[in-house]
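Over in TrEMBL, the protein carries these features:
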type: ACT_SITE; residues: His93; note: active site, electrophile
type: ACT_SITE; residues: Glu165; note: active site, proton acceptor
type: BINDING; residues: Asn9, Trp10, Lys11, Gly171, Ser210, Gly231, Gly232; note: substrate binding site
Amino acid sequence: MKKFLLAANWKMNMDVKETESFFKDLSLKPNDSYDVYVAVPFTDIYLANKTKKFNEIKIGAQNIYFEDKGAFTGEISTSMIKLCGADFVIIGHSERREIFGECDEMINKKVLKAIDDDVEVILCVGETLSEREDEKHFEKIEKQLKADLVGVDAAKLDNFAIAYEPIWAIGTGKSASKEDAEEMCRFVREKVKEMNPNLEAKLRVLYGGSVKGANAADLSKEENIDGFLIGGASLKTESFEAIAKEI
Ligand code: G3H
């Protein structure tokens, strides 16, 4: 079992005032049992990094572009987030895929760019409710992994995370059962191992989708769940810390 990863994804929430007060209050210290990562909006990266109480907490972004600089209105590069203090980035979240039309080819370019520039990656994969009902969830995850991980050279990185997030469980309050989450996280691990055994050696597989204090203990005990990607429950220090208490 790898060291557990508690990764927060704030999405488009928390202005600078809320960010400052969150990190002043957060008393969650990474320890031998878990790491703590917080992916904040671009506008909060610098302040979050300055305000956090513990150096070991990693601050990250929720997206990057795959070019270094130029005429790409509205986009942000890896060197920009690094200079603000980001150590990691979430790539391919289902909201990026579904709302902003990001395809696997673009996601693959972003993954390769982050690795080249030494920014740790949390790659997200997951199926829709209709894909699950049609029993196409394994096929969908395999397709995403195969396309998103093309050309990844494990020798270039120390850590890599893949978050399995069933879209029907995101923000709905309805988590996957621990059995379903474990089955899919095991599948992710096995597929990565088949494709790139060196990458699997550095991989943590996370579950995301309505994780909260009440279901964290059960989910975290599953053999192939090495961490959580937490949305709603990461916006308040109390609910974020309540999850950590169960690990
Ligand atoms: O990135 C986080 C996931 O989308 C899960 O969000 O915990 O609000 O369901 P949620």
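Here, residue 1 is simply the first one shown, and the rest follow in order.
Even glycines carry a Cβ here, placed using N, Cα and C.
Bear in mind that TrEMBL entries carry predicted annotations, made automatically and left uncurated.
Keep in mind it's a predicted model, so treat the numbers as computed, not measured.
Of all the binding-site residues listed (Gly171, Gly231, Gly232), Gly231 sits in the most crowded Cβ setting, with the most other Cβ atoms within 10 Å. Put simply, Glu165 (active site, proton acceptor) is 10 Å from Ser210 (substrate binding site) when counted between their Cα atoms.
Spanning the listed substrate site, residues Asn9, Trp10, Lys11, Gly171, Ser210, Gly231, Gly232 have a farthest Cα to Cα distance of 14 Å. Listed in sequence order, the binding-site residues among Asn9, Trp10, Lys11, Ser210, Gly231, Gly232 whose CB lies under 6 angstroms from an atom of ligand 1 come out as Asn9, Ser210, Gly231, Gly232.
For Trp10 (substrate binding site), the same-chain residues 6+ apart in sequence whose C-beta sits under 8 angstroms from its C-beta are Val38, Ala39, Val40, Pro41, Asp44, Gln62, Gly231, Ser234, Leu235. Asn9 (substrate binding site) carries a strand DSSP state (E or B). Between Gly171 (substrate binding site) and Glu165 (active site, proton acceptor), the C-alpha separation comes to 11 Å. Secondary structure at the residue listed as 'active site, electrophile', as computed by DSSP, is coil.
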